[in-house]
Amino acid sequence: MTTVTTSPSAPVSAALDKTVVVSWKAPIAFAVFTVLAAVLFLAAGSHGEATFKLSQANDVIQLPDVTLSSEVTSWVCVVLMAAITVVSALLVRAKRKVGIWLVVLFAAIFLIGFLTWAAAGSRTPVIPLPGLLAGALSLSVPLIFGSLCGVISERVGVVNIAIEGQLLAGAFTSAVVASAVGNAIMGPALGMIAASISGVLVAFVLAAFSIKYYVDQVIVGVVLNVLVLGLTSFLFSQVLAPNAAVLNSPPRLERLPIPLLSEIPLIGPMFFRQTIIVYLMYIAVAVVYIGLFHTRWGLRLRSVGEHPQAADTVGINVTGTRFWNVSLAGAIAGLGGAFFTLGSVGAFNKEMTAGAGFIALAAVIFGQWDPIKATLAALLFGFASNLQNTLGVIGSPVPSEFMLMLPYLITILAVAGFVGKVRGPAAAGKPYIKS
Amino acid sequence: MSDPQQPAQPEPGAESDAVQGSATDTAPPPAGPSKPGPAAGEPPSRWSIAFREIVTGNAIISVLAVVLALIVGAVMIAFTDERVQEAAVYFFARPGDTFVAIWESVSGAYVAFFQGSIYNFRRPDFISGIRPLTETLTFATPLIAAGLGVGLAFRVGMFNIGGRGQMLIAASAAGWVAFGFDLPWGIHMVVAVLAGMIGAALWAGIAGLLKARTGAHEVIVTIMLNYVALYLVQWMLRTPGLLQAPGSNNPKTPAMKDTAILPDLLGPQFNLHFGFILSIGAVVLVWWILDRSSLGFKFRAVGENPNAARVAGINVKAMYVYAMLISGALVGLAGVSQVLGTVTTGFSSGIDAGIGFDAITVALLGRSTPWGILAAGILFGAFKAGGFSMQAAEGVPIDIVLVVQSLIVLFIAAPPLVRAIFRLPAPGSAPKRQRPIVTKEMEAK
């Protein structure tokens, strides 16, 4: 798929020292999706109209509803997608890169076409866009915290399969502590702190076993997930369920709309009418990104994950760096777990994380071990699962299971190398034994 | 992600065990930088040598890990018991009450555990008294089969976390054949079993193929395939004409036809079915593959060091694919024995019952050797059977079994920790000589 050729248009002297690597992956992927869309929208086309609600009833700035005809939109979308495919093919032939903006544009057009098609075929052809987006963000919050945890611990060289366990531990502890404190403000605050601590405790076990005793990190992670699941379920049945009023009725976090920003149509309710955990998440993403790539801490962390021996040679304490950064990652994941109880559902329940830790792991890989990209991947996965909810509510004919499958399929394609190049930190998963 | 590496860190000397095919026989001689010479100048007695060999071996670590995990389980039971909490309120006035309450709650739970898993001595006759043991073996059947699959992949240096997905695919394929076709007795059963095993083998083979072709890490691929399989099976279960029972709205299949159901081994009053024999057969087969066939030799060579194996002319990539195919087929046998033996009245998407993950702990506890997995599978089968009886009799939630199992694996994976807790000497250390607890067990790659 990848062809290495010298640029023919360049002068001969320049051609000798300049090679351009072009990949046909993007045009091929575009073509596949265009054909898919053509079959879906046109052959199995639905007739009728789809209405997109752009504002909620209580918004200050009201946008009118947009109504699209299914047939017209389908044709327009397919034609536009075909055009983008041709453009990308021409770009690749001219030895130029296919920009990320083209991919985003293509995805947006595909999504509009898909939503119109799915909504027009359903019982109530109305898609509440603000609700869809806000719900997508709130489903993404634990995924984003989990993927930040995964990025940090894998970048420092410890594979963290235990994200699921850390989220679950955070959810459990925050529910118990917030309920026990009871106060509407102090309760959630202490609950979040307790959730972080419990995430750190799980991380301590992971770090101790994998760094001190050189146990395989994947094994410790898998076993820790089972251990936390067993512990929380046991304590839930034995202690929480009989005393639900005292120990499992945490006060939920209040939504804190940010003035002005929350009134922006469409984006405002999604990003700025959220709880404190979501705002903490924005801060965490920014801090982790800047920390990893623009501070001494991040440089040391990454060097330990890429080449521990070299890091040791220049005087970095490999064991200590790994231990404390894995613990820090655990604190972040634990905070994400608090969102399950304090931020969304309220009470703790058995197995309430339901695989979110593994989707977060998928986001880490799909996001190429980069905090920003991993966050975007987590948002995509959250959007896919909320789209499935919304389509289920409006009675769309698309089987919801296939939407739920999507993140996992994308991840498999990503690790198999079909979607971009995936390469993790070189020393992740390998214990460092100082000789 | 990383290169394939040896998942469990074997103790020095575990390999000699592994080749003999038994993890629990005599303790291996201390290996490593051994200093057999006496510290004080006089030769140690034969008894002290024998004692040291026992306390530094693998078997003692496994036993102590189980003991340690059971102690933790007892602490959890005691602390969450209401009688104990009531007595603890006036602990300083009458401390004896608290201890009595602790003793009653813990012993009650573990007695119920024993009666549910091995022998119920409250029953009048032997036939009904021994019933718990057959329940244990029934629970052990899928654990052994799936544990063998995971363990075989371990030996090739691969980590098959996809047991759940493979079991679901196997159950669907076997179930589809078992309720959808009319075949004579015997042939129907064989076809259903084979369909399930082949389905699971192909599902696992995806991970092997992707690893061989593109280098995709099998841990990630198998985890993701678990969820893909779960949603696929859920969709099939609620779609009429695929797996859903006709005329029903529940996501559940119709009952299996009698011609496909695995026969009872000990008559209708016991649940033990022919799947147990299949699992024992699988143990022998895997032992033969790993220890007697040239394929197994190649598997182990790849697991030990893929680079050296490649230099020796072994097709490493093909080995990855073959290993995942066989591993998937074995895990598939677990799924098949669930739908054709244990739950024959139709199944839903929870048919895997966590066995796919339990299998990992079984394989680790059995140190990836066939006979070790047999023993570990029976032990964990006993945990399951006893856990249910404990829940019914004493109200202790079955989830405690998960805690005990995972603690066992954690302790076994870190022998230095167990030695430190019980103050056992490290292997290869001379008596009464201070050595660092962490012995050099594995080289960084």
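Note that Cβ sites are derived from N, Cα and C of the backbone, with glycine treated the same way.
For B:1-15, the entry in TrEMBL reads compositional bias 'Low complexity'.
Per TrEMBL, the feature compositional bias 'Pro residues' maps to B:27-36.
If you look up TrEMBL, you'll see B:1-43 marked as region 'Disordered'.
Taken from TrEMBL, the feature transmembrane segment applies to B:59-79 (among others). For the transmembrane segment (B:59-79), same-chain residues at least 6 beyond its ends with a Cβ under 8 Å from one of its own Cβ atoms are 11, 23-25, 27, 102, 105-106, 109-110, 365, 379, 396, 400, 403-405, 407-408, 411-412, 415, 418-419, 421-422, 424.
Annotation source TrEMBL lists transmembrane segment at B:100-119 (among others). Outside the transmembrane segment (B:100-119) by six or more residues, the chain places 70, 74, 77-78, 81, 83-84, 86-88, 129-130, 132-133, 135-136, 381-383, 385-390, 392-394, 396 with a CB less than 8 A from a CB of the stretch.
Residues or ranges marked as transmembrane segment in TrEMBL: B:139-158 (among others). Beyond the ends of the transmembrane segment (B:139-158), by six or more residues, the same chain brings 4-8, 166-167, 204, 208, 211, 218, 273, 275-276, 278-280, 282-283, 286, 289-290, 299-300, 302-304, 306, 319-320, 323-324, 326-335, 337-338, 341-342, 355-356, 358-360, 362-363, 366, 368-370, 373-374, 376-378, 380-382, 384-385 to within a C-beta distance below 8 angstroms of the stretch.
What TrEMBL lists as transmembrane segment is B:187-210 (among others). Among residues of the same chain six or more beyond the transmembrane segment (B:187-210), those with a C-beta under 8 A of the stretch's C-beta atoms are 149, 158, 160, 162, 165-167, 169-178, 181, 216, 218, 221-222, 225, 229, 257, 259-262, 278, 320-329, 331-333, 335-336, 339-340.
Annotation source TrEMBL lists transmembrane segment at B:219-237 (among others).
The feature transmembrane segment is assigned by TrEMBL to B:272-290 (among others).
Under the heading transmembrane segment, TrEMBL lists B:320-340 (among others).
Feature annotation from TrEMBL assigns transmembrane segment to B:371-388 (among others).
Annotation source TrEMBL lists transmembrane segment at B:400-422 (among others).
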Under 8 angstroms, Cβ to Cβ: which one of B:219-237, B:371-388, B:400-422 has the largest number of such pairs with the transmembrane segment (B:272-290)? B:371-388
